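Asks: OK, TrEMBL features for this one:
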DOMAIN    52-474  domain 'Major facilitator superfamily (MFS) profile'
TRANSMEM  49-68  transmembrane segment
TRANSMEM  88-108  transmembrane segment
TRANSMEM  120-139  transmembrane segment
TRANSMEM  145-166  transmembrane segment
TRANSMEM  178-199  transmembrane segment
TRANSMEM  205-228  transmembrane segment
TRANSMEM  289-313  transmembrane segment
TRANSMEM  325-345  transmembrane segment
TRANSMEM  352-376  transmembrane segment
TRANSMEM  382-408  transmembrane segment
TRANSMEM  420-443  transmembrane segment
TRANSMEM  449-466  transmembrane segment
Amino acid sequence: MWGRQRNLYSTYKRISSKERLNGNASEDSLGRSPSGVLKEAGLPSWKRSLPHVLVATLSSFLFGYHLGIVNDTLESISLDLSFRGSTLAEGLVVSTCLGGAFVGSLFSGWTADGVGRRRAFQLCALPMIIGASVSATATTLRGMLLGRLFVGMGMGLGPPVAALYVAEVSPAFVRGTYGSCTQIATCLGLMASFFVGIPSKELMGWWRVCFWVSALPAALLAILMEFCAESPHWLFKRGRMAEAEENTERLFGASHVKYAMAELTKSDRGDEVDTAKFSDLFIGRHVRVVFLGSTLLALQQLSGINAVFYFSSTVFTSAGVPSDIANICVGIVNLSGSIIAMVLMDKMGRKGLLLWSFSGMAISMGFQVIGASSLLSGSVVLYLSVGGMLLFVLTFSLGAGPVPSLLLSEILPARIREKAMAVCMAVHWVINFFVGLLFLRLLEQLGPQILYASFGIFCFVAVVFVRKNIVETKGKTLQEIEMAFLPAD
């Protein structure tokens with residue numbers, strides 16, 4: 001059986017990378033290719049892998065929930081813990097979580113590679129449960145910061161593992177759709193935090209309930225993941241062939257095991273049994289994909305999206321819109337765009353969505369710049385400021401939000417996928433931290449026009465970068481994408 005799969009791989013390797021990724025390789029040039037095996041078996045049922053994907057997205061739900069839970073509760077937390085009026089303390093409650101996420105993201109690759117995807121999810125849930133409990137019972141600022149640090153570590157660990165797992169257990173023809181589920185789960189988590197946090201302004205101590213609530217989905221993630229399939233990619237790389245076949249059958253059906261194992265063999269160039277070193281990410285043939293992933297996530301954050309999420313209430317309030325309504329509007333628009341992206345991901349493709357998304361975000365920032373000028377006043381400023389911000393969130397959720405993490409999990413080679421994802425996400429969290437930390441200060445010193453114009457320029461740079469460097473991956477297996485990106489030794 002394995003000798004036959006090696007022959008399939010050898011024949012496949014003679015076709016150029018460009019032909020493979022563009023889908024120009026014919027079955028005649030392959031002889032009896034794995035694609036022919038797929039056609040005989042038909043497409044795998046999307047229903048088999050869906051429950052596993054939905055359980056994995058609980059980590060994204062928690063990510064969104066903890067990202068937004070301090071938005072409405074920070075005032076009551078500061079009053080209850082006696083640090084009201086200290087902007088430094090309030091900033092630490094927010095940024096400590098981001099610092100913990102940076103630490104968690106650094107270890108996400110080693111965790112996912114060492115213990116597998118399922119155990120990594122369970123390890124992600126553990127600090128979230130501990131952190132939620134410590135935060136909910138905190139009586140001092142120090143206790144709150146400790147709880148937020150634990151929560152942040154779970155937040156940093158979860159999303160990279162979720163992106164890896166969803167990409168590896170999803171059939172190629174719906175991988176984009178399933179990849180969008182993580183973004184939708186994040187939006188639902190944000191909206192849940194907004195609604196759960198509403199009573200905190202009226203009920204003293206309600207913020208403690210808000211943190212206790214988050215422990216429930218974390219516990220559910222840890223329990224349900226015990227019944228989910230392990231990634232066949234990880235099992236194959238570990239040499240556990242029988243388990244890889246067994247879990248492939250759970251995810252795709254018995255008729256697709258042979259084809260799936262042949263696909264996994266394509267990327268086996270004799271080095272998969274070796275553990276990837278940190279230096280492998282920056283030396284040799286892996287440099288390009290790591291650079292592409294890191295740059296794409298950096299541009300995502302430099303677009304200013306998290307400044308919009310963190311401080312949307314301030315902008316809406318200055319325009320005369322209550323913060324509660326502002327948060328709900330932002331949440332609904334973000335969720336709506338993410339659902340549209342899920343529908344379009346496997347039809348329009350990753351690259352197209354990114355181009356339209358970043359272009360729309362640049363235009364939206366242009367509206368913000370015009371609205372902040374002294375040339376306009378009254379209702380026109382309101383429409384441009386509020387409308388521009390909502391359009392910015394909408395266009396972000398259509399592509400720049402869900403696509404980068406999915407694209408990373410697709411283009412990163414199997415040998416370095418876990419560790420490279422960790423490095424790319426660490427870049428994401430560093431820039432996220434500094435954008436959140438410096439936004440209000442830069443807004444005060446530079447003014448809204450210059451700051452929003454800077455965000456718009458980064459969006460335009462992202463359009464150019466995507467057009468020149470990103471290759472379409474929709475409908476391709478992870479092995480086809482990997483072999484197209486990496487030159488042969």
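Glycine is no exception: its Cβ is also placed from the backbone N, Cα and C atoms.
TrEMBL: automatically predicted annotations, no manual curation.
These numbers come from a predicted model, not from an experiment.
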Asks: Residues sitting near the transmembrane segment (420-443): Cβ under 8 Å, six or more positions beyond its termini, same chain?
Replies: 91, 94-95, 98-99, 101-102, 105-110, 112, 156, 159-160, 163-164, 281, 286, 289-290, 293-294, 297-298, 300-302, 304, 306-307, 310-311, 408-409, 412-413, 451
Asks: Given the cut-off of 8 Å on Cβ pairs that are 6 or more apart in sequence, determine whether the transmembrane segment (49-68) and the transmembrane segment (449-466) share at least 3 such pairs.
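Replies: They are not in contact.
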Asks: Counting only pairs at least 6 apart in sequence, do the transmembrane segment (289-313) and the transmembrane segment (449-466) share 3+ Cβ pairs under 8 Å?
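Replies: Judged by the Cβ rule, the two regions touch, with the required three close pairs present.
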Asks: For the transmembrane segment (145-166), name the stretch out of 88-108, 120-139, 205-228, 325-345, 382-408 with the most CB-CB pairs under 8 Å.
Replies: 88-108
Asks: Check the transmembrane segment (449-466) against the transmembrane segment (120-139) for contact, please; criterion is three or more CB pairs under 8 Å, pairs 6 or more apart in sequence.
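Replies: No, the transmembrane segment (449-466) does not contact the transmembrane segment (120-139).
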Asks: Take the transmembrane segment (120-139) and find every residue of the same chain, 6 or more past its ends, with a Cβ under 8 Å from one of its Cβ atoms.
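Replies: Distal contacts: 56, 59, 62, 66, 81, 104, 108, 111-112, 146-155, 157-158, 161-162, 165, 208-209, 211-212, 214-215, 218-219, 221-222, 225-226.
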